[in-house]
Amino acid sequence: MSKLVVAVLVLATATFIAAEPLSLAKIVEERKPSRDDHFDYFYLSMQWPGSLCRFLHPCRVPEHYANNFTIHGLWPQRKDGSYPSNCKSSAGRFDYDQIESLATDLHHYWYDFKEDGTNFWAHEWNKHGVCATSLEATNTQLKYFRTTLNLAKYTPITAALAKGGVVPGDKEYPLEQVENAFLENLGGIPEMICDFDGTVKEFRFCFSKDLKLFDCQRKSHCDHLVFPSV
């Protein structure tokens, strides 16, 4: 092989190697959260206390939470899998005074199992809520938290599961049984987040921008599901 051919091959290989990371970086960048507040739908993320307490130490669980899902957050999402985050908004940073009228419901449905609830709520507003202010239903802190609470109240997760024969405890349930319970009793299947052993961490219900439940496309990370008791 001539020196010229070798030189051309080396140059071409070097060019490919140099270009490939740029292409991958571009793909990764497109999937990252961004401050652009465009989004297509919401996740209502509901977490299971029995799973949280496997990792949180200490973990404070009042009795009435033992067999009920609690709110993690209401998150704007995009169809391509990315999501807006920490957007600039005229609604400003978290201010507890603006949502104090919701305190009773917040402590009941949006409980922080580790520490003072206001830190949890502040995180959710400052990361996700500020990206939802383009909609009338969520364009202020009060409206965002009130809307999230209402969605959670009227999404009867444990009742829907119970009608499908799924109850909290250490029993394993096949994915299909859980999906059918949601489809038949709520009208839509959430994305299901589990640990490697099937322990349910949270369900992410998909809501349109006009706050109607629909069937999520990315439905499950689980083959079977377990709802551990607290």
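Glycine is treated like the rest: Cβ placed from N, Cα and C.
Quick look at what TrEMBL lists:
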ACT_SITE  H72  active site
ACT_SITE  E124  active site
ACT_SITE  H128  active site
SIGNAL    1-19  signal peptide
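According to its DSSP assignment, H72 (active site) is in a strand.
A simple way to gauge crowding: the CB of E124 (active site) has 21 other CB atoms within 10 angstroms, across all the protein chains here.
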